[in-house]
Each structure stands twice: as structure tokens, then as C-alpha cells.
């Protein structure tokens with residue numbers, strides 16, 4: 001088996017664990033085993049450095065390299081995991097421009113010595129063409145680059161065009177990335193580019209191509225020639241490009257592996273809109289790729305999508321290399337060229353991987369994790385317990401062992417009932433100022449109770465803490481006590497007391513019903529309980545889930561909220577709960593979503609039967 005490269009936009013690094021098959025094991029090591037991958041590239045980790053945890057970083061048998069957003073929280077993020085048993089990079093960088101710096105260094109990647117940097121950085125002209133601050137381009141945590149002896153791996157989460165405010169950033173990012181890839185190939189290095197590129201290559205790669213053309217008033221040539229799609233196709237061998245190619249992009253250099261192994265296959269989508277539940281009907285788009293340099297396309301034996309694996313609004317995509325590949329006319333084992341020189345020879349390990357192989361970008365060298373190399377280390381070192389010192393007070397022939405100041409004192413039952421010794425003085429540590437009592441004639445005076453007896457009696461006579469006021473929303477609806485609470489000193493009644501106004505007439509139907517159940521209660525108590533009962537019903541109706549209308553399938557609808565700007569923004573409506581079909585439209589008389597649409601304000605619940 002060769003090296004398997006897997007890319008997956010996880011939409012939150014812990015998101016997959018809410019689904020099968022990841023839910024059973026709930027570890028990254030177990031996830032990678034199921035994926036059968038050697039290199040795993042995650043996008044949209046949506047995590048900050050302070051939120052990194054041991055199970056993400058100290059994965060047994062794996063190394064990891066992170067690119068996290070510098071400013072925005074819960075946004076973007078890329079991480080690349082590499083299996084130590086099969087591959088180990090020789091260099092690692094973050095970002096596409098080379099402006100960022102390695103950990104604990106003030107020198108940017110592009111200014112490092114040649115033997116320490118990957119290279120291919122965009123020059124001043126290429127950066128000027130992008131017309132965007134390079135530091136801001138790399139501030140969103142969108143790229144990790146690893147170099148192996150055989151190739152350079154680029155893992156990216158390319159920006160999407162959500163609205164016009166992001167168009168310039170997106171175009172600039174793609175231009176700089178295009179320049180970096182072309183520069184690396186020009187240097188003679190092979191490139192594997194993978195990740196969520198947020199671009200559908202052609203009409204066959206998105207179910208919404210016709211709708212997008214109609215919505216934006218574009219014909220097929222204009223649609224395929226939009227800036228991001230045109231730039232992408234100019235990189236790909238066989239990409240559709242209308243008109244003369246752009247300057248500097250005359251030659252295609254990359255190979256779309258998944259499409260090459262599945263030529264002409266329709267419905268090969270990797271992303272689906274969750275808001276409309278489009279995945280069951282496979283109404284989606286292919287925007288996740290594994291792409292390689294054209295001169296290494298023969299290195300791969302398989303590439304595909306894994307649409308059956310749940311855990312995100314995307315599915316994983318992968319590519320697998322052959323065991324043996326031809327490099328510069330010589331056949332070599334793949335393990336020999338994806339590890340540092342001398343670690344493998346003809347596919348047989350000669351040197352064991354160790355912590356000396358860690359690169360400065362490794363997540364295991366982040367300050368919070370570099371003192372231990374596995375989660376087990378948290379439990380192997382027992383914390384040192386502070387030695388407790390006992391305080392001994394000696395008076396005459398008696399020695400009393402006192403508790404350490406750090407231990408809580410046991411509250412006395414009654415100071416007056418404690419045995420007193422006239423000949424000895426009971427002292428405490430002077431450090432315990434809260435319990436440092438003065439003695440009089442060798443005796444400690446009885447502790448006075450700061451609470452008056454009348455107030456104490458009143459407080460203790462109220463059961464269940466109701467004297468503290470309403471403790472919860474439930475207490476608002478609780479029925480009032482029907483009889484007064486007596487002190488523990490009062491004699492217990494020998495028979496139930498009957499209120500003097502028990503024969504008083506009640507005024508509400510609910511109270512009349514309660515009077516039948518509890519004939520001994522007073523009218524005022526019955527009226528109070530009836531009022532509380534009515535209040536409960538009123539609030540229950542207010543907070544109860546509204547009854548949904550049925551759609552054309554005879555099934556309950558779901559409620560949605562309009563977010564599109566306009567006169568209806570903010571209005572709720574009812575619609576069919578079934579997923580969209582392959583057409584992406586509501587359908588009548590089919591198994592997919594029907595045409596049912598009802599504004600919530602127009603829906604009146606049918607009266608209850610009876």
C-alpha cells in the first residue's frame with residue numbers, strides 16, 4: 001500500500017464525533033485509522049490556540065502542523081496530521097506569502113537560509129498584482145505547507161465569496177497562491193495541492209450551475225470565465241479556458257486526480273447545503289480536491305470521494321500513491337522519498353522516528369505541550385503532595401494535637417457543653433486568626449450566637465428554604481401553603497383542623513372542582529390554588545411548541561426564518577420537512593420536498609376535536 005492523502009473540511013475539529021462511525025471511539029487516532037490515511041488535512045478547524053487540547057495535539061503515532069486565525073474567533077483554520085510510521089516532512093511553514101515567522105523566531109520564512117526554507121515565495125511584482133497586504137492574506141489561518149523529499153504538500157482552505165466585501169480578498173489570495181505554486185514548479189519541485197478550494201471547476205461539478213447562470217444573468221462561457229474559476233482552470237491540464245490565457249498563466253501545470261480517476265462521473269459532489277438538507281438528494285457541489293503536479297500523475301493508483309462518511313457538510317476526498325514510483329528515470333519505493341534520507345531503504349525502515357525529527361512548526365512543540373509527548377504522561381507523574389504540619393500545644397502534663405490550619409474545623413455543637421479544664425489553656429495556631437479566642441482564667445468563654453433568638457426561630461421554622469424567596473421559575477407557579485407552619489415546640493394537633501370559613505362559597509369553576517377534592521380547605525386557599533392552576537395553563541400555552549401544519553405529503557412542516565434582506569426579512573414560515581431532490585427545487589408528487597409554503601402569521605391552528 002502506498003501513501004494515502006486525505007482532505008476533509010470538518011466544519012469544526014470536534015464536529016465529526018457527533019456522528020457514526022466516529023462517535024464510538026471519539027479519538028483522532030481512531031478517526032485516522034478508519035480513514036486509513038497517512039496524511040490528513042483538515043480545514044475549518046474553527047479553534048484558537050488557547051482551545052487546543054491534548055487529544056488534538058498529542059495523538060499517539062502522529063505529528064501535526066497548525067495554521068490558526070490571528071484575530072477572528074471560531075473561524076477558518078487548517079491542520080495537517082502526518083503518520084510517523086510512514087512519512088515525516090523535512091520542512092514546514094504557515095501561510096502562502098512567506099511573511100509569517102516560525103515559532104519563537106522574528107525572522108520570516110522567506111528570509112530564512114536556503115536550506116531551512118521551502119521557497120517559491122511570490123516576488124514583489126506578483127504581490128503587487130494581488131494588491132493586498134501580505135500579512136492580512138495570511139492572518140486568517142488558511143494554509144499549511146509541508147515539504148517531503150518527494151514533493152511539497154500545500155493544504156489550504158481558500159476563501160469563499162459570500163458577498164462583495166470578500167471578493168477582493170478572495171481574488172488576491174488565489175493570485176498569490178497561484179504564483180506560489182507556479183514558482184515551486186519552476187524551481188523543479190513537485191506539488192500536491194489539497195483542501196477546500198471553494199471553487200467548482202466546471203458545470204459537471206455543481207448541481208446549481210444552471211440556477212447560478214440564470215440568477216446572475218450569465219451564459220455558460222461567462223460562468224466558466226468568472227475570475228476564480230478561470231484562474232483555477234488555467235492551472236489545470238484540461239481545464240476549460242475561453243479566450244487567450246492570462247500573462248504568466250500560459251502553461252497548465254496541475255492534474256485533478258479525483259476527476260482523472262472518475263472522468264465523466266456526474267453527481268460527484270463533496271459539499272451540500274445543510275440549511276435545506278440537500279445531502280440526501282445529492283444536490284451539492286465538488287469544491288474539495290487532491291491535485292498534483294502533472295509530471296507526477298502516474299504516481300497515483302486511486303483517487304475518489306467518500307460521500308458516505310458523515311460528520312460535516314463536506315465529505316472526505318483522498319488520493320493513494322503506488323508503492324513504487326519513477327523519479328528522474330529511477331524506480332524508488334514511495335517510503336524512501338516521503339521520509340528524511342536514510343530512514344527507509346527500499347521500503348524497509350532503517351532508523352526509528354524520534355522526537356529529534358520534530359520540526360519547529362510541530363504542534364507537539366507548542367509551549368503548552370512540549371513537556372510531555374503523550375496524553376499518558378499526564379498520569380505517569382504523581383503530583384507532589386505538600387507536607388502537612390501539625391500544631392502541638394503543650395500545657396503541663398497534657399499535650400493536645402491540633403488540626404493543620406489548611407483543614408476545615410469541625411463546628412462545635414454547643415460551646416457551653418464542651419468539657420472545660422481549669423488547669424490548662426487551649427490555644428490555636430496564631431496563623432488562624434479567624435478562630436483565635438482569648439481565655440479568661442484559663443477558660444474559653446462560650447461563643448455567643450450573633451443571630452437573635454426570635455429571628456433564628458422565624459428562619460428555622462420555614463421549611464425547604466422558601467424563606468429565601470423564589471428560587472426558580474417553577475416557584476412562581478407553586479401553590480401556596482394552605483396552613484401555617486408551626487414551631488417544633490408547639491404540640492402536635494390530635495386531629496385535622498377545619499378552617500372557620502370552610503363553608504364560604506367559592507366563586508370560580510376551578511375552585512369548585514378543587515373543593516370537591518379537598519372539602520376541608522378554606523375558600524381562600526381553594527381560590528389561590530385555582531388561580532395558580534389557571535396561571536400554569538396560560539403560561540403553558542404561551543411557551544408550548546406550536547402545532548405545525550401538514551405538507552402535501554401529510555407530514556408536519558418545519559418552521560424557517562427569512563434572512564434575505566427585504567420586506568419579509570425576519571418573518572417565519574412553514575415548509576415541507578423533506579430534503580431537496582437532485583433538481584434542487586420543490587417537486588410535486590415526488591418523494592422529495594413539495595411546494596408547501598405557509599407564512600407563520602397566516603397559519604391558524606385547527607381547533608382541537610371535542
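Any Cβ shown, glycine's included, is placed from N, Cα and C.
Taken straight from TrEMBL:
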ACT_SITE  157  active site
ACT_SITE  196  active site, proton donor/acceptor
SITE      198  site 'Transition state stabilizer'
SITE      288  site 'Important for catalytic activity'
SITE      314  site 'Interaction with DNA substrate'
REGION    379-471  region 'Disordered'
COMPBIAS  387-396  compositional bias 'Polar residues'
COMPBIAS  405-414  compositional bias 'Pro residues'
COMPBIAS  426-439  compositional bias 'Polar residues'
COMPBIAS  459-471  compositional bias 'Polar residues'
DOMAIN    551-603  domain 'GRF-type'
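For residue 288 (site 'Important for catalytic activity'), applying a Cβ distance below 8 Å and a minimum sequence separation of six or more within one chain yields 7, 8, 9, 195, 196, 197, 270, 271, 305, 314, 315, 317. Averaged across the domain 'GRF-type' (551-603), pLDDT in this predicted model comes to 82. Ranked by how many other Cβ atoms sit within 10 Å of their Cβ, the recorded positions 157, 196, 198, 314 place 198 at the bottom. Across the range of the domain 'GRF-type' (551-603), the DSSP-based residue counts are 3 helix, 12 strand, 38 coil.
Cα-Cα distance from residue 198 (site 'Transition state stabilizer') to residue 157 (active site): 8 Å (rounded to the nearest whole number).
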